[in-house]
Amino acid sequence: MARTKQTARKSTGGKAPRKQLATKAARKSTPSTCGVKPHRYRPGTVALREIRRYQKSTELLIRKLPFQRLVREIAQDFNTDLRFQSAAVGALQEASEAYLVGLLEDTNLCAIHAKRVTIMPKDIQLARRIRGERA
């Protein structure tokens, strides 16, 4: 009889069926205290969904008031009695978020170049160095 080559197949079934008697007896003797586990997505699924959602949207991602407080705190180092128009703070926030998004895109490319999917501080440093922002 000639030998035939075995090919790998995806399994369709799960575990083998258990005996019914043991499970029925166990169910009757102990009250069911544990509930059904809540549904959980696989790692990375929610992250990808968030990435797609934020790439579609155009709204600002940093909250306005915390950003405004940060701007005022930084400006106090230079001049104590500065006032800001709301449009000026809005323009600063737009520019800041655009800069951060671009930097994180370049950082992600640096991580991918290093055959990683996790960004690290050294990726940000490399991206800034290539851009010429930091020597």
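Even glycines carry a Cβ here, placed using N, Cα and C.
Taken from Swiss-Prot, the feature region 'Disordered' covers 1-41.
Positions annotated as 5-glutamyl dopamine by Swiss-Prot, on the basis of similarity to another entry: GLN6. DSSP assigns GLN6 (5-glutamyl dopamine) to coil in the three-state reduction, outside any helix or strand.
Taken from Swiss-Prot, the feature symmetric dimethylarginine covers ARG9, and the record attributes it to similarity to another entry.
If you look up Swiss-Prot, you'll see LYS10 (among others) marked as N6-(2-hydroxyisobutyryl)lysine, on the strength of similarity to another entry.
Annotated N6-lactoyllysine per Swiss-Prot: LYS15 (among others), in sequence order, evidence recorded as similarity to another entry.
Feature annotation from Swiss-Prot assigns N6-acetyllysine to LYS19 (among others); the stated evidence is similarity to another entry.
Per Swiss-Prot, N6-butyryllysine is recorded for LYS24 (among others), and the stated evidence type is similarity to another entry.
The annotation N6-acetyllysine is assigned in Swiss-Prot to LYS28 (among others) on the grounds of similarity to another entry.
Sequence annotations record features per position, and here Swiss-Prot assigns N6-methyllysine to LYS28 (among others) based on similarity to another entry.
Marked as phosphoserine by Swiss-Prot on the basis of similarity to another entry: SER32 (among others).
Taken from Swiss-Prot, the feature N6,N6,N6-trimethyllysine covers LYS56 (among others). Taking a C-beta cut-off of under 8 Å and a sequence gap of six or more, LYS56 (N6,N6,N6-trimethyllysine) has no contacts in its own chain. In the three-state DSSP scheme, LYS56 (N6,N6,N6-trimethyllysine) is classed as helix.
Secondary structure at LYS64 (N6-(2-hydroxyisobutyryl)lysine), taken from DSSP and collapsed to helix, strand or coil, is helix. Taken from Swiss-Prot, the feature N6-(2-hydroxyisobutyryl)lysine covers LYS64 (among others).
If you look up Swiss-Prot, you'll see THR80 (among others) marked as phosphothreonine. In this chain, none of the residues that are 6 or more apart from THR80 (phosphothreonine) has a CB less than 8 Å from its CB. In three-state terms derived from DSSP, THR80 (phosphothreonine) belongs to neither a helical nor a strand segment and is classed as coil.
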*How long is the line from the C-alpha of LYS64 (N6-(2-hydroxyisobutyryl)lysine) to the C-alpha of GLN6 (5-glutamyl dopamine), rounded to the nearest angstrom?*
63
_A 10 Å Cβ contact count, applied to the modified residues GLN6, LYS64: which residue has the minimum?_
GLN6
